[in-house]
Amino acid sequence: MLDDEATVGIGPAEGLRNASRRRGIRGKRDPGFHGQASWISCVINLVNTIIGAGVLAMPLAISHMGIVLGVIVILWSGTTAGFGLYLQSRCAQYLDRGTASFFALSQLTYPNAAVIFDAAIAIKCFGVGVSYLIIIGDLMPGVVQGFVGGTPDYDFLVDRHFWVTAFMLVVIPLSYLRRLDSLKYTSIAALVSMAYLVVLVLYHFVIGDTMADRGPVRVIHWAGAVPMLSSLPVIVFAFTCHQNMFSILNEIANNSHFRTTGVVFASIGSSAATYVLVAITGYLSFGDTVGGNIVGMYPPGLWATIGRAAIVMLVMFSYPLQCHPCRASVDAVLKWKPKASNSNDNSPHRHPLLGPRGNRTPEPMSDLRFSIITTTILVLSYVVAMTVSSLEAVLAYVGSTGSTSISFILPGLFYYKISSPDSPAHQRLMKEDDEAAEGIFSDDDDDNDDLDNQAQSLTESGILRRGTRHWRKAVLRKLSLALAIYGVVVMIGEIQTLVEERYKPIYEPAPQRDSFEERGYTQPPPSYQATAEYSQAPRSEDDNVPDDFKFGGMVAEGTLPIRMQFVRKVYAILTAQLLLTTIMSSISFFSDSYRLWIQSNFWLMIVSVFGALGFMLVTYWKRKSYPANLLFLTAFTVLEAYSISVVTSFYDARIVVQALILTLGMFVALTLFACQTKYDFTNWMPYLFGALWFLILFGFVAMFLPNSSTVELIYSGLAALIFSGYILVDTQLIMRHYHVEEEIAASISLYLDILNLFLAILRILNNQQNN
């Protein structure tokens with residue numbers, strides 16, 4: 001055989017390498033699937049996923065760090081992101097060819113957390129895609145005005161809704177393409193637009209037309225820890241592309257270790273070089289006066305207008321690259337079913353993905369399912385982009401959690417778990433490596449003496465090779481765990497920075513002076529008696545000028561009857577919500593068939609959770625629009641009540657009743673205390689918000705720990721304390737800070753506080769009963 005003759009001629013070490021390459025290309029887990037994407041196509045799509053409009057904010061980011069530290073941070077962020085991509089390629093070798101995905105890895109490592117991972121990826125990709133449409137709607141009116149030299153004759157040309165609709169017609173057919181490789185030409189067009197932006201920045205730097213107004217430049221010194229941390233997310237998340245890495249690994253024609261690693265190096269290297277080039281030249285052009293969008297700082301003209309149009313082209317062709325992983329994650333969420341705990345879950349027969357050829361592999365998405373999910377994503381994206389002008393606050397939190405998870409935490413945790421020496425998947429992979437090494441000379445019976453000598457040499461070198469291989473994998477496991485820990489630290493740091501940015505005072509306090517003599521005043525200014533009494537009745541019986549504060553404004557500014565009416569509305573709505581939730585939850589305890597039905601159709605639980613979230617956002621948006629607000633509130637409450645009924649159906653009825661009584665008792669006590677005390681609990685808001693994110697991260701980490709009643713008790717106790725604090729805060733907000741027409745928003749806040757407190761107490765009681 002030709003392969004054997006070539007192998008015998010090159011020696012055992014080279015034979016091992018060739019055998020490894022052959023196994024990487026057509027391994028035993030190849031179910032007949034062969035990728036068609038070229039290496040350059042994969043690099044182009046991955047680079048387009050990485051480089052977005054965020055490159056224009058790089059000069060501002062390094063202005064807070066200084067050039068030296070900024071370049072180091074860019075290179076470090078690229079290294080950590082590239083290591084995450086490398087771990088994804090290593091994880092893919094444990095799966096059948098063409099089936100790699102976050103969901104498939106979750107099924108092998110953390111099956112009961114798979115739905116959380118894919119839901120986070122879907123939300124993150126959906127939010128980024130919507131932000132692209134919003135950017136298009138914001139930039140196109142300015143682009144039109146720049147090209148025509150003023151206001152166009154037709155008003156619709158400067159209407160953001162028209163341009164969102166027009167460009168949506170372009171991205172719709174691109175979003176229905178199944179393979180990323182089909183988007184390589186649009187990715188090339190996007191990269192051409194990016195290349196123009198880079199050339200534009202370099203051109204203005206070379207001719208120096210901005211140097212006259214340039215501010216000071218920091219080379220080594222930084223602007224301080226707080227500005228530096230506020231700019232860090234721009235750089236850390238600039239390399240996020242991991243949501244498309246598994247699709248690239250599935251589609252690449254040659255999936256050998258050398259080729260996939262080359263894709264990672266080429267993509268991350270070219271992106272980092274682009275970021276460094278734009279950051280340095282853009283910063284040196286404007287100094288510390290540089291803004292968040294460097295193209296918008298250049299003098300108006302044809303080239304700057306073309307630059308804005310290039311940004312539009314870039315984000316337009318990047319939208320399908322977000323729709324692709326979003327669709328895959330939504331499909332995985334809908335397919336997910338909870339896995340029963342079993343002590344034999346780690347046995348090899350529990351992992352059909354790793355079986356020999358011919359075993360059942362995950363079925364591809366049907367055409368109907370593909371069309372329905374894609375259409376839903378497109379419709380929701382269009383509706384949100386048309387009705388919302390900014391997602392900055394939402395995307396900040398989604399990016400700090402979702403991007404960090406898929407870039408650092410998940411690749412690190414997946415590889416650390418699946419490459420464990422005790423993992424059946426890892427043991428099978430090692431066995432296949434040994435079989436590949438031992439079988440490279442076994443295909444031909446000719447030249448037996450030479451083959452025996454080669455085999456003996458192979459056996460002797462194989463011992464050393466196996467030890468080196470185990471050492472490398474042990475080091476790689478430790479580094480993967482370090483990457484996951486690094487991701488958690490980054491996430492906590494970014495959330496803390498966002499919280500501080502959100503709650504910092506908008507206005508600086510006025511300077512206080514100790515005396516009037518400092519400015520030469522001889523006496524204090526005269527004082528006058530205030531004449532406006534906002535909480536009183538109109539000034540006289542014949543006065544037909546109404547008191548605006550009696551009918552509008554904050555609750556605290558209204559008269560006593562207005563305040564009492566608002567409070568009655570809030571607690572009447574809250575009572576109706578709690579009664580509906582109690583009734584729907586009690587059905588499962590009186591009807592065994594209903595309980596079995598809701599437990600077996602777990603997909604409906606997922607739909608209700610996300611549906612409740614959607615209706616809650618819409619309700620808040622239309623909170624002052626009657627009767628739409630009541631209709632949306634009813635839909636939200638029904639879906640939320642169904643979710644609670646599914647949860648309580650898994651608990652003993654006696655425990656549920658005890659938790660309900662304790663929750664209502666604590667709610668009444670906390671409400672009375674918040675109304676009577678003079679202490680202002682609303683100052684707790686930033687601390688409770690930070691504690692809530694700590695609770696979320698604690699629960700995320702607890703998913704990967706062995707089941708422990710102590711961990712469960714600590715988590716539930718923290719949740720009970722946090723939401724007890726939120727009841728105090730929201731109760732005082734009702735009395736002081738809400739608008740008199742926002743009774744629905746106030747009732748939703750208290751409703752969610754009570755439900756979360758109830759669930760925490762329920763888990764505590766169940767934990768104690770199990771013990």
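Placement of Cβ uses the backbone N, Cα and C atoms for every residue, glycine included.
All annotation found in TrEMBL is predicted automatically rather than curated by experts.
Quick look at what TrEMBL lists:
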type	residues	note
COMPBIAS	528-538	compositional bias 'Polar residues'
DOMAIN	36-431	domain 'Amino acid transporter transmembrane'
REGION	341-362	region 'Disordered'
REGION	513-541	region 'Disordered'
TRANSMEM	37-61	transmembrane segment
TRANSMEM	67-87	transmembrane segment
TRANSMEM	115-140	transmembrane segment
TRANSMEM	160-177	transmembrane segment
TRANSMEM	189-207	transmembrane segment
TRANSMEM	262-286	transmembrane segment
TRANSMEM	298-319	transmembrane segment
TRANSMEM	370-388	transmembrane segment
TRANSMEM	570-590	transmembrane segment
TRANSMEM	602-621	transmembrane segment
TRANSMEM	713-733	transmembrane segment
TRANSMEM	745-765	transmembrane segment
The transmembrane segment (262-286) touching the transmembrane segment (67-87) per 3+ Cβ pairs under 8 Å rule: yes
For the transmembrane segment (115-140), sequence-distant contacts whose Cβ falls under 8 Å of one of its Cβ atoms, 6 or more beyond its ends: 53, 102-103, 106, 160-161, 163-164, 167-168, 243, 308, 311-312, 315-316, 318-319, 322-323, 325-326, 329-330, 332-333, 336, 377, 380-382, 384-385, 388-391, 394-395, 398-399, 401-403, 405-406, 410, 606, 610, 700, 703
For the transmembrane segment (298-319): best-contacting stretch of 189-207, 262-286, 370-388, 602-621, 745-765, by Cβ pairs under 8 Å: 189-207
Candidate ranges 37-61, 160-177, 262-286, 602-621, 713-733 - greatest C-beta contact count to the transmembrane segment (745-765) (under 8 angstroms): 713-733
Within-chain partners of the transmembrane segment (602-621) [C-beta distance under 8 Å, separation at least 6 from its ends]: 115, 119, 333-334, 336-338, 387, 629, 632-633, 635-636, 639-640, 642-643, 646, 744-745, 748
